Amino acid sequence: MKIKDIYKYSLEKLNNDEEKFLLTEMIIAYVLEKDRIYIKLNMDDEINNSQAEKIKGYVERLTNNEPIHYIIGKRDFMGMDFYVTQNVLIPRSDTEVLVTEAINALNQEKKYAKDTTTGLEIGAGSGIISISLLKKIETLNMTAVDINCDAIRLTTKNAVELGVYPRLKVLKSDIYSKVNEKYDFIISNPPYIRTDEIQRLDPKIKNYEPLNALDGGESGIEFYDKIIRDAKAFLNKDGYLFLEIGYDQKDDVSNLFSKHNINVKLKVVKDLAGYDRVIIAKFI
């Protein structure tokens, strides 16, 4: 069988769905360990039966609306490949805004320029936030916590693969329950979708991604409330809290600081689509 034959098979299987067919190109490139340009330029190359069957199996999963990143088991984030499984949320490009803003804020602080900086991530998932920060800030040491054992294992695997494990401590913890240190900053992308909105999500999300990584409770801000309420106890003087938020949650999350009588200087950053996406709180 040639590459062009598996293309034809995939196109028929996907009923000429252009979007899914583009994802099929990713699958073929992944299985053959080539880039998509090579695939397009070498349609007459032969593929073996094992490769063909693997591609067919992946295409079948694609017809059931399974996310491509679960199928191939990887997701690009900040220019790096991270392993992902159905036990953790698929990284979103919006979260790159959170990481970038944290890097910018920390780099602007003279006291973090040379001295070792410490950070705590709440809700590690696949470890994209902590690992990306560690790759960008050489003086940083991170602690990443998650209540999900699968997330702990996956974060560890990604940290080892990307060469930052010596500077990362991974703990099984329900928010702060097992945390006993103070840090220069805390960062989190917690679940923030209201419970009653879960069933209205795209089938690719609600049928495949872990609901406990999406469900932010009845109000959508339950995790923010817990994180903000106790943050000061785990922050060094003049510490930062970096939070990713839903597009319509700026006011609800910002009001939690006054609710808990916490004095902070707040900054809200928009994503590339123009939606409020990140809250930066500098404790004063």
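From the backbone N, Cα and C atoms, a Cβ is placed for every residue, glycine too.
Bear in mind that TrEMBL entries carry predicted annotations, made automatically and left uncurated.
On a predicted model such as this, the values are computed, not experimentally measured, just so you know.
Annotation comment: TrEMBL describes GLY123, ALA124, GLY125, SER126, GLY127, ASP146, ASN189 as S-adenosyl-L-methionine binding site. The feature substrate binding site is assigned by TrEMBL to ASN189, PRO190, PRO191, TYR192. The feature domain 'Release factor glutamine methyltransferase N-terminal' is assigned by TrEMBL to 15-73. The domain 'Methyltransferase small' annotation in TrEMBL covers 115-195.
A map of TrEMBL features onto the structure.
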{"residue": "GLY123", "record": "S-adenosyl-L-methionine binding site", "contacts (Cβ under 8 Å, 6+ apart)": "VAL145, ASP146, SER188, ASN189, PRO190, PRO191, ALA213, PHE223"}
{"residue": "ALA124", "record": "S-adenosyl-L-methionine binding site", "contacts (Cβ under 8 Å, 6+ apart)": "SER130, ALA144, VAL145, ASP146, ALA151, ILE152, THR155, VAL170"}
{"residue": "GLY125", "record": "S-adenosyl-L-methionine binding site", "contacts (Cβ under 8 Å, 6+ apart)": "VAL88, LEU89, PRO91, ASP146, ALA151, LEU154, THR155, ASN189, ALA213"}
{"residue": "SER126", "record": "S-adenosyl-L-methionine binding site", "contacts (Cβ under 8 Å, 6+ apart)": "ARG75, PHE82, TYR83, VAL84, VAL88, LEU89, PRO91, ALA151, LEU154, THR155, ASN158"}
{"residue": "GLY127", "record": "S-adenosyl-L-methionine binding site", "contacts (Cβ under 8 Å, 6+ apart)": "PHE82, ALA144, LEU154, THR155, THR156, ASN158, ALA159, LEU168, VAL170"}
{"residue": "TYR192", "record": "substrate binding site", "contacts (Cβ under 8 Å, 6+ apart)": "GLY216, GLY220, ILE221, PHE223, TYR224, GLU244, ILE245, GLY246, GLN249"}
- Item | pLDDT averaged over the residues of the domain 'Release factor glutamine methyltransferase N-terminal' (15-73) | 90
- Item | Reduced DSSP assignment, ALA124 (S-adenosyl-L-methionine binding site) | coil
- Any further residue of that chain within 8 Å (Cβ to the Cβ centroid of ASN189, PRO190, PRO191, TYR192) of the recorded substrate site: GLY123, SER188, ALA213, LEU214, GLY216, PHE223, TYR224, GLU244
- Message: Cβ within 8 Å of the S-adenosyl-L-methionine site centroid (GLY123, ALA124, GLY125, SER126, GLY127, ASP146, ASN189 excluded): which residues?
- Response: VAL88, LEU89, GLU121, ILE128, ILE129, SER130, ALA144, ALA151, THR155
- C-beta crowding around PRO190 (substrate binding site), within 10 angstroms: 18
- Task: Would you mind checking how many other C-beta atoms are within 10 angstroms of the C-beta on ASN189 (S-adenosyl-L-methionine binding site)?
- Result: 27
- Note on the structure: Across the binding-site residues (ASP146, PRO191), the Cβ with the fewest other Cβ atoms inside 10 Å is that of PRO191
